[in-house]
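Summarising the annotation, TrEMBL assigns active site, proton donor to His42. Residues or ranges marked as active site, proton acceptor by TrEMBL: His131. Per TrEMBL, the feature domain 'Phosphoesterase HXTX' maps to 9-92, 103-175. If you look up TrEMBL, you'll see 42-45 marked as motif 'HXTX 1'. The feature motif 'HXTX 2' is assigned by TrEMBL to 131-134.
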Amino acid sequence: MRAFLALAPDPAAQTVLCRYQRRLAQASWAHQVKWVVETNLHLTIRFLGEVTPAVQAELVGRLEAALSRPGAPGRLELELTEPRWFPSARQPRTLACLVPETPPLMALAALAEASARDAGLTPEERPFRAHITLGRMRPTLTVSPKLDIAPARTGFRADALVLYQSTLTPAGPIYTEQQRFLLVGPRQTSDDPSEG
């Protein structure tokens, strides 16, 4: 399966993200953006690519072990910032909200990277950059998009790392939760999506 590890925004953060999308959707260039649907909003911790059942089982075991060790990241208190273009306003491809890279968040990203690598996946060479994608610019861009939106910040609480399956369809990707790892201290994991 095609998979990734991510943090899902809590309801309050999701509301802010959707409000950003609605406001930006009124811009003259908005028709050139493919917006991320509300249920797909997430902060990718580690893209995994194609994963076999054996590698998935190995990864799950390694993540459970790593997150149960003393000093493992607990619940994360993060922050959403205003939307920005990536890689730049001159070459806009992705519209996303940055998330400040706090030490606990970076520790979780490093833990996920080590677990993925130890499970047999290819190391990620690109540096981790915390963000939540709101939309992607279509290649037919004909204007220079301006983000006329007042800066705003809101708290973002994440109490679980989630393993998602990504199924690509003509209408867009469908993300299905496969496993949830609770970030509440040693030996507190769950594979029941209804928990948390």
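Glycine residues also receive a Cβ, built from the backbone N, Cα and C atoms like all the rest.
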Close approaches to the motif 'HXTX 2' (131-134) from elsewhere in its chain (Cβ under 8 angstroms; 6 or more beyond its ends): 9, 17, 20-21, 24, 35-36, 41-43, 80, 83, 86, 94-99
Secondary structure content, the domain 'Phosphoesterase HXTX' (9-92) (per DSSP, counts of residues): 35 helix, 22 strand, 27 coil
Cβ-Cβ under 8 Å with the motif 'HXTX 1' (42-45): same-chain residues at least 6 beyond its ends: 4-9, 78, 99, 108-109, 112, 128, 130-132, 158, 161-162, 164, 175
Predicted model, mean pLDDT over the domain 'Phosphoesterase HXTX' (103-175): 87
Residues in the domain 'Phosphoesterase HXTX' (103-175) grouped by DSSP into helix, strand and remaining coil: 16 helix, 22 strand, 35 coil
